[in-house]
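The GTP binding site feature in Swiss-Prot is assigned to 13-19, 41-43, 306, 332-334, 413-415. The IMP binding site annotation in Swiss-Prot covers 14, 15, 16, 17, 39, 40, 41, 42, 130, 144, 225, 240, 304. Among the features that Swiss-Prot reports, Mg(2+) binding site is placed at 14, 41, with the record citing sequence analysis. Annotated active site, proton acceptor per Swiss-Prot: 14, in sequence order. Taken from Swiss-Prot, the feature active site, proton donor covers 42. For 300, 301, 302, 303, 304, 305, 306, the entry in Swiss-Prot reads substrate binding site.
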């Protein structure tokens, strides 16, 4: 029998999921995205060549691997087609392997305009969205007024629905945000072009996944963003608009929880965050600058500098529970090379010194992290492929992290290339 393996982030995103998905898809027949949109930025480095993917599953660089976009993903046709073209220009065959669920909500021009208008209006209170229309598209889905990929198959009906949506959103754009109106005819013309290009890619992804499962094929489910950005379980309201935790796999693909065999949580050896929101272990000193520089901490989607801080075992324990994590992949261990001492956050205290466990953004206010200091290492870990190649203090750090989070570290990433990896227990084994 095949195995269904989920790869998801356990922090605030940018944990290095793309590399690990690419690594593990050597064993997979298919890779499926199940939530988010082109706000994701998955960076792959293969033989020194960097590729950044936003919407297409990271298995696309593996020959013969089927790439599926499940119903939980919001699809911006223009962004998807740009990504396809860019890959095809590199000689990567995409269209014959990429299939999209007709149930995927569409992101159209008015969603992007609304997203950007809202962030502009919030000023200093902005959430820090990518401004790509993700949230407004999910809102339309939940309000049951959204257009979906499959609607492009019936253009007369699509035109009627689109007119209603453009009128609805222009009312807010013009009347409240004082922004220019979206042109209906221009948007319709664009959608007609999208329809011709997307029709050959449409497929009942849920049915395909179950056919693969029954045929005994290995399937990889690729998460986007991170657990602490989950709309329900994250640091609300500084979150994304989808379920980034393991529950999103079932709803976003149609493959039920009982069919998920292994859930791999991707975790940086330190912590980063892009945009606004609480971050208890954030560093503003030379160590934070070291992590940012050595880790090349700039968002693959937005280019924004990431905030950097010490490893936080508290948020990891929460993510492990919420996702029922089977094992952890610890990434960017090499970024800690050269640090004399390293701190690990083991808890939080409020102003009165009481131990607390925050559940939303407001409950983080005023909290101080409680640190455990461990010795660092001066030797390089870059490119290590076995545990024995790591410095003794690096091995001790890994062991201590395991003890604090209560989950096994099954994979360790020691560099950006797919080959710079230590695999202690293979998820597909």
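For all residues, glycine too, the Cβ spot is worked out from N, Cα and C.
Since this is a predicted model, take the numbers as computed values, not measurements.
Checking the binding-site residues (13, 303, 305, 306, 333) against residue 225 (IMP binding site) with a 10 Å Cα-Cα cut-off leaves 13. Among the residues the record lists as binding IMP, namely 14, 15, 16, 17, 39, 40, 41, 42, 130, 144, 225, 240, 304, the two farthest apart have Cα atoms separated by 34 Å. Shown are the binding-site residues 19, 304, 306; the one with the most C-beta atoms within 10 angstroms of its own C-beta is 19.
A distance of 16 Å separates the Cα atom of residue 304 (IMP binding site) from that of residue 16 (GTP binding site). Long-range neighbours of residue 305 (substrate binding site) (same chain, six or more residues apart, CB within less than 8 Å of its CB): 292, 297, 298, 299. For the binding-site residues 13, 16, 41, 303, the largest tally of other C-beta atoms within 10 A is found at 13.
Using a 10 angstroms CA-CA radius around residue 306 (substrate binding site), the binding-site residues that qualify from 14, 16, 19, 130 are 14. Inclusion criterion for the binding-site residues 39, 41, 130, 303: a C-alpha placed within 10 angstroms of the C-alpha of residue 19 (GTP binding site); this criterion is met by none of them. Spatially, by CA atoms, the binding-site residues 16, 41, 333 include one closest to residue 303 (substrate binding site), and that is 41. When the binding-site residues 39, 43, 130, 225, 414 are compared by the number of other C-beta atoms lying within 10 angstroms of their own C-beta, 43 comes out lowest.
According to DSSP, residue 306 (substrate binding site) sits in a coil region rather than a helix or strand.
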